[in-house]
Amino acid sequence: MADLNVGVVVFPGSNCDHDTEYAVASFSGVKPVMLWHNEHDLKGCDAIILPGGFSYGDYLRCGSIARFSPIMREVIDFAGQGRPVLGICNGFQVLVESGLLEGALIRNAGRKFICRQSTISVVNNSTIFTDRYEKGEVLRVPVAHGEGNYYASVETIDSLESNGQVVFRYTDAEGNATAEANFNGSLNNIAGITNKQGNVLGLMPHPERASEELLGSGDGRRVFESLFAHLAGTKRSSRGCCSTSPTRRSAS
């Protein structure tokens, strides 16, 4: 994995950048490249992660200012090439504001900031971010957000569901998508989605905060393991007869 480069974008107000750096480095031995918001160069990174936090103080709306930062122009181009982009919490909000993912993230149904352990189920394990999981597997991953309520038009929700773009869903410990498990009010209990191509994932729960048992759960670690397995496979292919890029695969 030594020849893999992963970039972690740092906005003013990011506060999970070093958590993400640690989660990646702890199992891969790869120290991520920290990319400041005003940079114009992704420095040869193979994947980009937008971490959690409160970019630009969450002024106007979460992620609405970060979308205009110079680095995001590069990230948008990078994603357009089919390259992997992962947005966690505020990173998910930035991806939505940037148009890389559909829908919106609005105030939690109870109008309060929520910081707690959540249980989510793997809806689609046929993505480059989730293929180390079993379909239907229930994970314990913490959340910390005030605007994590996923909202979209009926047509968009139907499209996300039918295309296998819903990747994680808030559920109870048995995997049931109940109203009680849906603490922020997200439509269809949606906790994470991809774009149609499957190379961009946004989720509100924090996998980097569930990357080892010492933290209370190691269930989030396989998001990063799945991504690195994909990157390593792509590197091997590019050295062989041809290169590959992430494509949308249907849920198994």
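In case you wondered, yes, glycine gets a Cβ from its N, Cα and C as well.
Look at Swiss-Prot and you will find C89 tagged as active site, nucleophile, backed by sequence analysis. What Swiss-Prot records for H206, E208 is active site, and it gives sequence analysis as the kind of evidence. If you look up Swiss-Prot, you'll see 6-237 marked as domain 'Glutamine amidotransferase type-1'.
When secondary structure is read from DSSP and collapsed to three states, the residue listed as 'active site, nucleophile' falls in the coil class. For the recorded site, E208 (active site), the DSSP three-state label reads helix.
Geometry remark: the residue listed as 'active site, nucleophile' versus H206 (active site), CA distance 7 Å. Neighbour list (E208 (active site), Cβ cut-off 8 Å, at least 6 residues apart, same chain): C16, D19, T20, Y22, A23, P51, I88, G220, F224. Fewest other C-beta atoms within 10 angstroms, among the active-site residues C89, H206, are seen around H206. Taken together, the residues in the domain 'Glutamine amidotransferase type-1' (6-237) have a mean pLDDT of 97 on the 0 to 100 scale.
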